[in-house]
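Everything below concerns the one structure shown next.
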Amino acid sequence: MVQRLCTSVAALSLALSACVFFPRAVMAIDLSRFYGHFNTKRSGDACRPYEPFKCPGDDTCISIQYLCDGAPDCQDGYDEDSRLCTAAKRPPVEETASFLQSLLASHGPNYLEKLFGTKARDTLKPLGGVNTVAIALSESQTIEDFGAALHLLRTDLEHLRSVFMAVENGDLGMLKSIGIKDSELGDVKFFLEKLVKTGFLD
């Protein structure tokens, strides 16, 4: 043990002596191989907790604060995709799908016809189903984009717009007039207000 300690002390002394007597030799260490290892973005399989968003095209990991900040950080610009940025402000797709599904389960397969028009019959199958509608509500920046994504008839789109306008203006009478009961008003209004607040009517 003592011999090992003496050897370590001797090696340290030799290294320090080299620094004193040959300073230029020590300073000649090539640090260029370390350049590039201090990126603000990380590549690889797993992302760090402070850079949890992985770009789908190039496996670059970026901070959540860099999403939708106006400057692309992913090679393909996915972090600035308008659908991604809209979905980030909206209720999660799962929450929207669950809400729509619960309305259908409670009130019948054609209940959402009151909101989305004639194509919303049969548990939204003509529109692609509950998940398709939930995704379109999440990703569509505006009601026009939503109508285009689901190929809504112009009359159905205008009806939906009038429903959203009623919610925005606090006109619960309009919602009652299309058959939404008092017991359902609170939930429907709460859900639609979330979309209105994120620019759905702009």
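Glycine too: its Cβ is placed from the backbone N, Cα and C atoms.
Here Swiss-Prot annotates a disulfide bond for Cys68; of Cys19, Cys47, Cys85, the partner residue is Cys85.
Of the cysteines Cys6, Cys19, Cys74, only one is given by Swiss-Prot as the disulfide partner of Cys55: Cys74. A Cβ distance under 8 Å defines the sequence-distant neighbours of the domain 'LDL-receptor class A' (46-86), meaning residues of its chain 6+ beyond its ends; these are 40, 138-141, 198. When the disulfide-bonded residues Cys68, Cys74 are compared by the number of other C-beta atoms lying within 10 angstroms of their own C-beta, Cys68 comes out lowest. Of all the disulfide-bonded residues in the record (Cys55, Cys68, Cys85), the one with the smallest CA separation from Cys61 (disulfide bond) is Cys55.
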